[in-house]
Structures are given as C-alpha cells and as structure tokens.
Amino acid sequence: MLEVNGLNKSFNGRQVNKDIGFKLEKGGIAVIIGPNASGKTTLLKSISGLIEPDSGVIIIDGETIYEKKPYMKKPRVNKPPYERNIGYVPSEPSLFPNLTLKGNIELPLKKRGWSRNDIERRVNELLEIFGLREYRDMYPGQLSNGLRQKASIARALSYNPSLLLLDEPLSPIDPVTRERLRNELFNLFNKLKVAVLLTTHLIEDILFFKERIIALVDGRIVYDGELSEHKILSSPYMLQALGFLVIPARIKKCNEGEALVAIDKVEKKIGYNTYASSCIDGRNSLIVVNPGYITLTPGKGDHYTLEASLLEEIDNLTSVKLVIDIWGRITTLTIPKNEWSKLNDFGGGKRILLYMSREHTYLIDQESG
Amino acid sequence: MRVFLLLLILLLVLDATIFATPIYMAIWQGILVPGHLLSDFYYSMLLSLYTSTTSSILILLITIPIGYYISRRITRRNLLLPVIMLPSSISPAAVGLLLLLFFTKTPLGLIIDNTLKIVNDPKGIIAAQLFLGIPVGVSYFTALFSSIPRSYEDAALTMGFTNIEYLYTILLPMSTRQVFTGFILVFTRVLGDFGASYIIGGGIWGKTVTLPIYLYLVSQLGGIGVLVITLSIYIVSILVLIAVVYQLESMEGHPQNA
C-alpha cells in the first residue's frame, strides 16, 4: 500500500529525516512516536506532498508519487499534494470556520465534481458513522475539540483516500474524551479498511496502538514493529531512546493522580496521568516524563512542581538550552530567551523550580509480568 | 498611569477642536455657497468616489495574489518590502512627477499616453492612486495571509485544491471581513491623495478635480464659506466610514472566533 524508501529531508543544513524506510499494508495502522522535533510531522508532510524531500521514493498503491535519487538535480516524479489522493489532518485546526460541518465535509467532494445526490448521500453516511449527525449545521467554533477532530477526520476520509495521515490527532483533546475517541477511531479505521499513519508523543497511544510502532529519534527510525507492553516495561532504554525522561522509583502511596514516591530514599510527592499509569503501593516503578511538557512557569493544565539543579546554560541566538539534573537524570530544556532572562532576574542560582505536567507524567509498574 | 490618561484626553480634545472647526464655522457663517461652486463640489465628490473605488478594486485584484505569494514563498522579505513600499514612502507629489515624466518624456510612456490618454485625465488620477495604494495593499495582505495558520492550506491542498483554488474559493471567503478592512484601508489612502492626483491630473475644473484638490482650489479662491461646508461634509463622511469599519471589525464573525 504505502512504501517509503530512503527518504531524506533537511532544513537549513539540519537533517530532520534520515534514510526513512518502511511499508504499510492496506488497512494497517501504524503509529509514529518520537520526541518533539524528531521529524514526525516532516515525514507526514513529505508523504502528503506538502513539502519536498531531498531524496527518496514514495509509492502508494503501486504508483510512484515521489522519486528522486540523491544524485539527481530534480525529482523524477513529484506529484503535487492535490493529485496524491491522501487524507491528511494537520495537528493545528483545519476545519474552515466559515463553513458548517456539512459544508466542510462536502467541500472536497464538490471539488471532485460529484453529483448533488452522491454528495448528500456520502455526507450523511459519514456524519452517521462518526456520530456527528446532530452537529451537521453547526460551525466548527461551536464544537468541542473532540468533535472537531472527528469532523476533520471525516472530511479527510470523504473522498475515499487509500491512506490517511493524522498528525497528533489526540494531543489537543482532554484525557477523558481522548480515551473514548481513541477507541472509536480505532474501530472506525478497522471498519473502513483504510491505512492510517498517525503521529503521537503520548504513552497511552503507544500502549494502545502497540501492534505497529515506528519510533523516530533524531529523524531516524530506531524501532519498527510490534511493541508489547512487556517490552516497554522491561526496557526503560526504549522509552529513553524515545526522548522520555525515565526515573526508577519506589511507590509509597497512591492517591488518584497523586503519588508519594521514593527516589534514592528521598520522598517526594508527584502527580501522574491516571489514564495510562499503573500506580500500586509499594512497587518498584518507572516515572516516565515527557520533557516537552516541563516548563519554568505555570502554563495551562495541571501541574506539580519539583526542584532540580541547573548544570549548564547553553546560549543559542533566540533561545536558551538548559541542561538540568532531575534526580540524577540529565535532560535538556529549550526555552525562549526573553522568558529565561525574566526568570533569571528573580532566583538565579543553581536550583530551579520546574513545573511538570501531570498529564505527561506516567507511572509504569515494573514488577508485574 | 493617570498622566497617560491626561495625554489621551488632550489628544481627543485637540482632535475635536481641529476637526470641529469647519463645522461650527459653517453654522456660524450660515450656508452661503455660490451655485457653480456647489455643482463643482458634487462633481468632485463623484469623481473622487469613482476614481477611488475603481483604483481600490484594481489594487485588491493585484495585491491579494501578490500578498499571498509573498506570505507563502518569500521568507527573506527585508530586501523586497522596501522596494514595494517605496511609492507610499516618498512624497505623493514626487510620485505624480515621476508618472508625469514617464508619460510625457519616455517613448513607451508616450505610446501608452497617446492610446489610453492618461495625463490630464481621470485615468491619470487612477494611475496615481494605484501607485500610492498598492504598497498599502501588499503589506496589508502579506500580513493578513501570514497570520492565517498554514494548517488550513495543508488540509485544502491534500483535499484536492491547488494553491490558486485555495486562495479564491476557501481563503478569501474565510476572511471576508479582513478583506473588506483591507479595501477600506486602501480606499481611504487613495481617496485622500492630493499631490499625485493634482500633478498627473492637472486639476482641470470639471474634469480632474477630486475632493482634496477641490478643497485646495476653493481655499485659493478665498471661498471660505464653501470651504468650511465642504470640509465639514468631507470629515463627517470619512468619520462615518471609519466608524462603520471599526464596528464591523469588533463584531463577532464566525463562531470560531467567539
């Protein structure tokens, strides 16, 4: 179905996709997981034709849609996105705010010159499948994130593409709805027999879509295949390779989203994501944190704080890269320069207070299995 | 902060005093306008409306695609934008002189002028207005299209639309209010032009005297009564126009913006 070979792409001398190659069968669902700026979105955009790779081959349903050998000056084949017949849902809003749901979904069909009756039938069918019928005449601004995401996916599927690309489809959605939507989408994709490639940085997604995980680190595929829960548990290195901060700890007491943990005999209260964690009193566990959600100022969402020591401050032009030590684990944090200078005025010193997102902190039990 | 409030009040009082002057002078002096000057005023108003509307529409037709192109394809704009902004940065009179030189002293300009009749003609005024308004349009639409998330375009392209189809069938309908604001911005700019229109149009009574030129000529003739009345009408109508635009801007658009 989808075949990608030797795909390379760099921006301003930095290689974001390095020799990417994988296959996806008809009706298969694959999840691309990787830390921030690992090249996930670039890969999806290269496949959909929104950006031009530097070299490589992309084949869909036996038809080459992009081909350029590294020595060629120009690609041999490079179909524009509107000729690739791919469904693509970007991570940012994409439903046109001036059109109703119906107006949005029928747009690509009108463009394709479908007859009025066919459009009507297809739109109703999709609204029915996605459970959006009652919102048919509403505008995107009147709907929740979850409904909007479903509508975007319905629109991307309206013209029956054989491949659906979803960029972080579940990230903007609140954790409760997320779990339900994930199940719903999974069943839909299986029913519609469409091949799906989706990106994520959520551990819940990895655990759920474990049958086919493509791990991207620094633009390179470091893992491709089934990723059982056991494999994740037994190997903190895998999670570390995916860019997560992994800290072994012993759980003292669990209390719905809050846990008292002991790290190197020091007790500390942390928050965690209850939807993808297993918190059992007295067990050895891994605290897994997505460093993309560690901030120096309280942002939106639920937080807990912890102190860390600042090892090094690397000055880039517009941002500052901080090397910090969280309980013996070294991680880096990139923040805009103006924000850093503002903070520096206050505390300074070697100790800094970090705001950790509860939603992006997981506890994984290590003693079971 | 209270000092700043005082500054603001001072500005408003100053505005009110200056702008209201012709209005109360008109009331005080009584309405005594010679008939021929009044009919000239109507002609000038119509001419101003006609030339400004025409040139504004042309400017939008030209600058919308250019603005879209710059916002999408050109990342290093610090060399391009000064060149584009030049006509609106130099004095309008200089723009008029440049056009006059081109149309009367160069072979190509002479051919164009002979076939289309630009100099000393309302068409010349439209040409001058185009030059002055295009920079405003380009910078406005470049900024507008740069501010609209790329994700809309990405979705549209994969849905089967080309860039051109996306611009005209999705992006513009999606931003009608902002496009209208752009139109008003360009319109008020070209409507207010005096220098360039006067030089290329020649200020011929009953032919190329637009509203600002009319005000100038009347003041030269010493018709203070006519001047205060026409100034009043001019100011009030522009005020109404701007108020309507701001009202439209602050109104809630699509529910997405709610």
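Including glycine, each Cβ sits where the backbone N, Cα and C put it.
Copied over from TrEMBL:
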- B:44-67: transmembrane segment (TRANSMEM)
- B:45-245: domain 'ABC transmembrane type-1' (DOMAIN)
- B:79-104: transmembrane segment (TRANSMEM)
- B:124-145: transmembrane segment (TRANSMEM)
- B:166-188: transmembrane segment (TRANSMEM)
- B:194-217: transmembrane segment (TRANSMEM)
- B:224-248: transmembrane segment (TRANSMEM)
Quick one: do the transmembrane segment (B:44-67) and the transmembrane segment (B:224-248) reach 3+ CB pairs under 8 Å, ignoring pairs fewer than 6 apart in sequence?
-> no
Candidates B:79-104, B:194-217, B:224-248; stretch with most C-beta pairs under 8 Å toward the transmembrane segment (B:166-188) | B:224-248
Closest-packing stretch to the transmembrane segment (B:194-217), where packing means Cβ pairs under 8 Å, from B:79-104, B:124-145, B:224-248 = B:79-104
Taking a Cβ cut-off under 8 Å, which residues six or more beyond the ends of the transmembrane segment (B:79-104) line up next to it in the same chain?
-> 70, 110, 112-113, 118-119, 124, 127-128, 131-136, 138-139, 189, 193-200
